[in-house]
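Q: If you scroll down you'll find the structure; I have some questions about it.
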Amino acid sequence: MSNIKLIVGLANPGDKYAQTRHNAGAWYVQELARVCGATLVADSKYYGLTARVTLHGKDVRLLIPSTFMNLSGKSVGALANFFRIEPEEILVAHDELDMQPGVAKFKLGGGHGGHNGLKDIIAKLANNKGFYRLRIGIGHPGDKNQVSNYVLGKAPASEQTLIETVIDEAVRSTELLFNEDMAKAMHRLHSFKG
């Protein structure tokens, strides 16, 4: 049984960024909310869109920060502090350059790997890196100088389909995480081939 109380999907705000690769974490939280029959609503107190869902009898908050990516910690910190949610009770979903579209993996802890959203969350959680992550593969442009344009760009239809397919599987694996445990959820998701 999971101890997760907060699931966060990282994104940049506004229509301009809604369909960009950098928003893959938000797409996951939006799909999880839809499957749970919840509506994400703007909440200025937490600088984001929030919802409250029940996953296998457990009360869980969903959050998509409405701050820009590099300020995601402001939103996560505000909600976590208010509800006294510890870092190890948080799952942050984010785009991952080092994995191909169609691949997603759960992970506990670790650094930020250059991801500015994770970097700010770690800073706002008093440098505690001990939260869970859902890494959603978006692929890499092949040139580090192209990364910014790449993550802020829209994926071609074939890649977008792979990302959406693995997000669907990640939602099913999240349900398994709450019904069973992290090991079974990881096995299912990590075995998936999109």
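Using N, Cα and C of the backbone, Cβ positions are placed for all residues, glycine too.
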Q: Swiss-Prot records Phe68, Asn70, Asn116 as tRNA-binding residues. Which of Tyr17, Tyr28 is assigned to the same site?
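A: For the tRNA site that includes Phe68, Asn70, Asn116, Swiss-Prot also lists Tyr17.
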Q: Among Tyr17, Phe68, Asn70, Asn116, listed as contacts of tRNA, what is the widest Cα spread in Å, to the nearest whole number?
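A: 16 Å is the greatest Cα spacing among the residues binding tRNA.
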Q: Using a 10 Å radius around each Cβ and counting other Cβ atoms from all shown chains, which of the recorded positions Asn12, Asn70, Asn116 yields the largest count?
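A: Checking each of Asn12, Asn70, Asn116, the winner is Asn12.
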Q: Starting from the Cβ of Phe68 (tRNA binding site), draw a 10 Å sphere and report how many other Cβ atoms land inside it.
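A: That number is 16.
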Q: Spatial neighbours of Asn12 (site 'Discriminates between blocked and unblocked aminoacyl-tRNA') among the recorded positions Asn70, Asp95, Asn116, defined as Cα within 10 A: which are they?
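A: So the list reads Asn70.
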Q: Are there any residues at least 6 positions away along the chain from His22 (active site, proton acceptor) with a Cβ closer than 8 Å to its Cβ? List them or say none.
A: Leu10, Ala11, Asn12, Met69, Asp95, Val151, Leu152
Q: Tell me, by DSSP, whether Asp95 (site 'Stabilizes the basic form of H active site to accept a proton') is helix, strand or coil?
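A: The three-state answer is strand.
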